[in-house]
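Only one structure is covered here, and it is reproduced in the block below.
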Amino acid sequence: MGRTLYDKIWDEHVVHTEEDGTSILYIDRHLVHEVTSPQAYEGLREAGRKVWRISSIVATADHNTPTTGWELGYDGITDLVSKEQITTLDANIKEFGAAAFFPFLSKRQGIVHVIGPENGATLPGMTVVCGDSHTSTHGAFGALAHGIGTSEVEHVMATQTLLAKKAKNMLVKVEGTLPKGCTAKDIVLAIIGKIGTAGGTGYTIEFAGSAIRGLSMEGRMTVCNMAIEGGARAGLVAVDQKTIDYIKGRLLAPTGVEWDMAVKYWNTLQSDADARFDAVVELDASQIVPQVTWGTSPEMVLPITGKTPDPDKEKDANKRGAIERALEYMGLQPGKALDDIYVDKVFIGSCTNSRIEDMREAAAIVKKIGQKVARNVKLAMVVPGSGLVKEQAEREGLDKIFVAAGFEWREPGCSMCLAMNADRLEPGERCASTSNRNFEGRQGAGGRTHLVSPAMAAAAAIHGHFVDIRKFA
Ligand SMILES: CC(C)[C@H](C(=O)O)[C@@H](O)C(=O)O
Ligand code: SF4
């Protein structure tokens, strides 16, 4: 019987399997950031160990880095805990080594899930880990990539392996043409709306179908990024010519004979036609409408044409309670039209949507509408995912479009995706955000997050409330 893409990568990396299925998996790439690595390095130090394969480590600082004041250097990091995490990473990499390190202030610094692929650190067929749940992003390259905990970070550093149990195979097939105004973000929000945040639990999801093949690598990364929000630790997309074209010439990508050999192997990284999946979910891309989350979980999502749900109409007591709590936290009434929700802040960024294509989509809408950020919007910020994205966007003049319309154009980092740096929501503030999590307090205590695509966020900034961007498409 044929094998899935997941089966193939797993088989290539499994070192040993116990009777109960517990396996030792060889790890090719270890991405490191400042939040989940300090204890791991400390553990190595205490045990007198070295990093097993230094060339597997690629590191950057992202969660704690400020997005303003870079001209002040490290003095611009006002939060002392943030500063300590960033300088600790600098010291650890100096002591333990890495294949590549993009520290705070360096040109290639950025969100770990943006800089990995961008620098050719993420390659098809690899096993990729990072002490970060959104490592699933890298699956867009046909790599088996998932987040691990801090103790596992230390284990991988010490042994180059990870203890893991094989997940089941799920196929999410999205066929058809995505309507104008809809993006990869709308696809993945629609998938999560359908399967729920636990739908992918215990599975590795392969995203397939003509709509997925039609996406750019940036779009595929957006989809895989949120596989974790659908409950799956890893998401995958089969390798095709787009994958290979994206990688060619990147900093850490193979060259010469090694490139040719790699491409030959990468071209085998698809599920066999007769591969068996344990679960199959199908979606018609042509039916997708721009999505907006209304609640405190990514599955609480509806088309922009929708209205917030009425808990009284929900028969299941648990679900009813969840709807009531979410509406209360979000400060919304049942039956509220989504395009009548006004926002206080707009955040375009995060490892879901801070790549060049996202910047282009947001700028295009701003240009098309041709107006300034609405008066009720206190802050609209665009945070590129890396220094290279920032540079590219500036070459294309996108920053000028944003700034002229009243957006702030910031330095790269995780920024307002989570409240770990200076960018955050104040209690009660409502935000249109292109990030991936809308949990209570995620963007700051009491903050209210609505997850949307970059184009939807940009339009919300200009109109002051959510709008159906299909009318501009
Ligand atoms: C800080 C880090 C461990 C965390 C994660 O694992 O995802 C963060 O990136 C997030 O998005 O919540
Ligand atoms: S951008 Fe957000 S989701 Fe991504 S790694 Fe940073 S904090 Fe996590």
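For all residues, glycine too, the Cβ spot is worked out from N, Cα and C.
Listed in TrEMBL:
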type    : residues               : note
BINDING : CYS351, CYS414, CYS417 : [4Fe-4S] cluster binding site
Under 8 Å between C-beta atoms and at least six apart in sequence, can you list the same-chain neighbours of CYS414 ([4Fe-4S] cluster binding site), or say none if there are none?
ASP62, HIS63, THR65, ILE111, GLY349, SER350, CYS351, MET420, ASN421
What is the set of residues, excluding CYS351, CYS414, CYS417, whose C-beta falls within 8 angstroms of the centroid of the C-beta atoms at the [4Fe-4S] cluster site?
ASP62, HIS63, ILE111, HIS113, HIS134, GLY349, SER350, THR352, SER354, GLY385, GLY413, SER415, LEU418, SER435, ASN436
CYS417 ([4Fe-4S] cluster binding site): tally of other CB atoms within 10 A of its CB:
29
CYS351 ([4Fe-4S] cluster binding site), number of other Cβ atoms within 10 Å:
27
